[in-house]
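Participant: Below are the structure tokens for one structure; questions will follow.
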Amino acid sequence: MEANPSVLATVGVGDLVLLDPLSEESLLSNLRERFLHKEIYTYIGNVVISVNPYRQLPIYSAEMVEQYCNGNFYAMKPHIYAIAEDAYSSLRDRNRDQCILITGESGAGKTEASKLVMSYVAAVCSKGADVTKVKEQLLQSNPVLEAFGNAKTIRNNNSSRFGKYMDVEFDFKGEPLGGLISNCECNSLPSLHVLHAQGTYAAHGFAALQPVMCRRLPRRLKLQRDCRHHGYLGDENPRLPGMDDATNFQAVQDAMRIIGFSEAEVMQLLEVTAVVLKLGDLQLSGQFQASGMDACGIQNIQVLRDICELIGLQESILEQALCSRTVEAKQEKVVTALSVAQGYFGRDALAKNIYSRLFDWLVTRINESIQVTAGERRKVMGVLDIYGFEIFQDNSFEQFIINYCNEKLQQIFILMTLKEEQEEYFREGIKWTPVTFFDNSIICDLIESGKGGILVLLDEECLRPGTVSAATFLAKLDQAFGSHEHYESRKSQSDRHITDTSLPSTCFRVHHYAGKVTYNATGFIEKNTDRLYRGLAQAMWQAKHTLLRSLFPDGDPKKASLKMPPTAGFQFKASINTLMKNLYSKNPNYIRCIKPNENQAPGQFTDELVRSQVRYLGLLENVRVRRAGYAYRQPYQPCLERYRLLSTHTWPRWTGTARYGAWGARGPGTWSSQGELAYGHTKVFIRTPQTLFNLEERRRRRVEELATVIQKTYRGWRCRTQYQLMRKSQILISAWFRGHAQKKRYQHMKRAALLIQTYARGWKVRRALVRGGALPLLPPVLHSPFSLSPKLQKFFLGLKNNLPPLTVSDRSWPPAPYRFLTNANQELKTIFYHWKCKKYRDQLSLEKRAAMQTKLCASELFKGKKTRYGPSVPEPFQGDYVGLQKNPKYQKLQAAARGKLVLADTVRKVNQANGKVRCGGLPGVLAVPAQDADGTWCLLPQQTGTGGAKGDVLLVSDHVIEVVTRVHQVLLETTQQATTIHPRRFSTQFKKSSIAVTVVQGPKGHLEPVCKKKGKKMEVLVC
């Protein structure tokens, strides 16, 4: 089967293994064509080639992530997501630790590639609160480390000045648990002054953060608002085109907060960064001692004062440490003054050490947040983003160790792709014609050999007593490697009778895999030792700044050691060896990054620049090995498990060996031509990706067929099961229905038989009584129950259709149609009326219910006893007839009630002397007493006499029915005793005599009650 054109051949050739004809020009032309059509990714088998577009492309959306998730590596367009998915799925499904190696020269896009890999892995992992938190912390570590570890160079705006290797740990489900960042750098790489001299402005901790720090925190950090006035930043603009400094600064702060940095830690980090910046502003002036020796002093004292205020240190201590040096030998201490050059060297060494140790602390602090606690073994995916190969006009020690690191990475690529692949064919017994390629092991040995490599000779020269210089170091290199084919110097060229004026006498040249690089030996000795004067370390340890003090534990006098610290080269070599050991333990995945032009311009493709990168990356040799070899290989057992369903010989069961099973699983028409398949001792090899596509396509169709069979079988089973269940249910329902029907028929027959028996016995009895003369001869229909059923049915149906309205005042009811239904009809009327009243009561609100209850109480008290009761029924009880709540003149009266208001009314007092009714009304209230009141109720007139006891008070009210009713309710509520009402006669106490009061019916027309007193009797005429 041919490869899918829409997948691998949309523009040019997506997989260079399929390129025909294969040559350097055709490979370069294919890369150029794809790059100009914004196709920046190309495959070489399972290796991804990435050409930096220098612009944002719309190929990293969430939809693109979904497209590559759980997809086949060769079944989709070349993309960095494909290799990330392949590595993640291998780790998750096959339980194999992975590492993704991103290589290329500076400016090729390695850092962006590593961020894309991490973002894809984070996107395809499962969701959850804990998982999301871990993913956010892992992703947010990138902007923090880039801000303090990357730099702008003349060749790259975002050049990594450190090597970041992150191990992301996963559980058995493939969910991230945490990570661990390894920092592969030495103290010389974060150097500020040296990098600036070579065209590097500064690390992003200065270039990106300082402009915002200078504007936002100038007083707190003792900085100038124009950051270009600081010495380490230089006069050039440190801002990057198209970048917003304020946005980047806020992004770094947000990232630190997500990782777990406290506000105090962030501020201390900025303060230490400001101290490094201020050190570059210190100016030294030359002085002479009394002995005539050179000395130096601080020229700008204000800068020294600012530094000391930031770190909490006395000015004299820091000034002495910067301008003098203390040498200890056994029990003796010798203080010597430093010259201006030595003072600047010490100042720069201090700045480099502070910044390097600060970066190490930053990595350690991030690891504390993202590192997983020890436990069971976890799956690991490593992502390596390290500085790229560098070639400048003036290359020094920094470029030497950076290029050494890239040589080691190239060695891994050669060993694990080109060399290892060919050796695997020999181990498996596969017929193979070797493909020649350049093995850079000889260059690695030249640099790192323990018996006499460049780094070893550099360390020996640094530790050798006597005068050492660049010339002595270069002489030692000429003596050791004068005849080495990958080493050149002025002396070695002279010995070979070669004249090359481009190689200065103070330089040597190494033939790297990426090309020839000329290194200036001047400065190698100093940068390799890069020793910090002990006095400076002790001064930093005496500072009160918590973070800065913690960075210099070696400054503690109690821990002082006279042992010489390891050199920078030794440290870097050990770090690289540890990294290589880690990478060798994992399955590698490669991303080879290419820089298309030197101008960092989008859409520009420089053939010669790309050609050189294609050569030293060994891409052409990689394609040849892939084409001459086999694109896919797999052990027999996994191959049998994956493809045994293609053949009837191995499906559904296979009992033979895995080798013969893999051979039998081919099925008819699997291989398009001869030589597509090879059987090794332990693996089966497939030559071309097209054959693998064919195999995977046939497997996909077979899986669909088997899925159809499974679905068909399942649907058949489900239908049979459902039918059997329905049949069983139908039989059960039928049985129950027939049983129920027979029971009903039996009961009906039984009732019919009993009825017939009843009528038969009744008929016999009546006939006997009639014959005996006890009963007259009557029509039998009157004695039959059948004669009553129609009448009852007619009565109830008529009653249903003629029910009276639901109004409670309507007591109408249809009459009974038959006399024998009179009692039943009366009972139904009573029941219906009670039900209607209940419905009415249920609809009443609480206020209306209370009013109705009061009316009912009045009815019980006065109905049939008092003439005024009848007219008072339709009148509502108001309770407050004087406006007690609104009228301000009744405030005292209202306060005297001290309880819940029941009634407020104006009454008229009857004169005790003559029985006349007083014309003016006296307002009073009836209230439920408070809890601390003495009586059960109180009637409080507005005016009370101050004389002696006058006896009872006889009052006249227009609302006597309501007054008495409410008095009765209050007494009944508070004392549980009913009020005694005397409707006709009662006695009252006037002063010291008792008066008998008689209530009589007066003539009609009297609206007001009339009292007539005669002695100890009083008549009250009421209408």
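In case you wondered, yes, glycine gets a Cβ from its N, Cα and C as well.
Unlike curated records, TrEMBL annotations are generated automatically.
TrEMBL feature annotations, pasted as is:
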BINDING   GLY104, GLU105, SER106, GLY107, ALA108, GLY109, LYS110, THR111  ATP binding site
DOMAIN    11-700  domain 'Myosin motor'
REGION    576-598  region 'Actin-binding'
Participant: In the same chain, who gets a Cβ under 8 Å from the region 'Actin-binding' (576-598) while lying at least 6 residues past its ends?
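Facilitator: Answer is 31, 35, 46-54, 80, 83, 86-87, 90, 96-110, 113, 117, 155, 163, 165, 167, 182, 184, 380, 382, 384, 388, 404-405, 408, 412-413, 416-417, 604-606, 609-610, 613-614, 617, 619.
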Participant: Compute the average pLDDT of the predicted model within the region 'Actin-binding' (576-598).
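Facilitator: Looking only at the region 'Actin-binding' (576-598), pLDDT averages out to 89.
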Participant: If you count Cβ atoms within 10 Å of the Cβ of GLY104 (ATP binding site), leaving out that atom itself, what do you get?
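Facilitator: 25, counting other Cβ atoms within 10 Å of GLY104 (ATP binding site).
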Participant: Report, as a single number, how many Cβ atoms besides its own are within 10 Å of the Cβ of ALA108 (ATP binding site).
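Facilitator: The answer is 25.
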Participant: Ten-angstrom check, please: count other Cβ atoms within 10 Å of the Cβ of THR111 (ATP binding site), all chains counted.
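Facilitator: Taking every protein chain into account, the count is 23.
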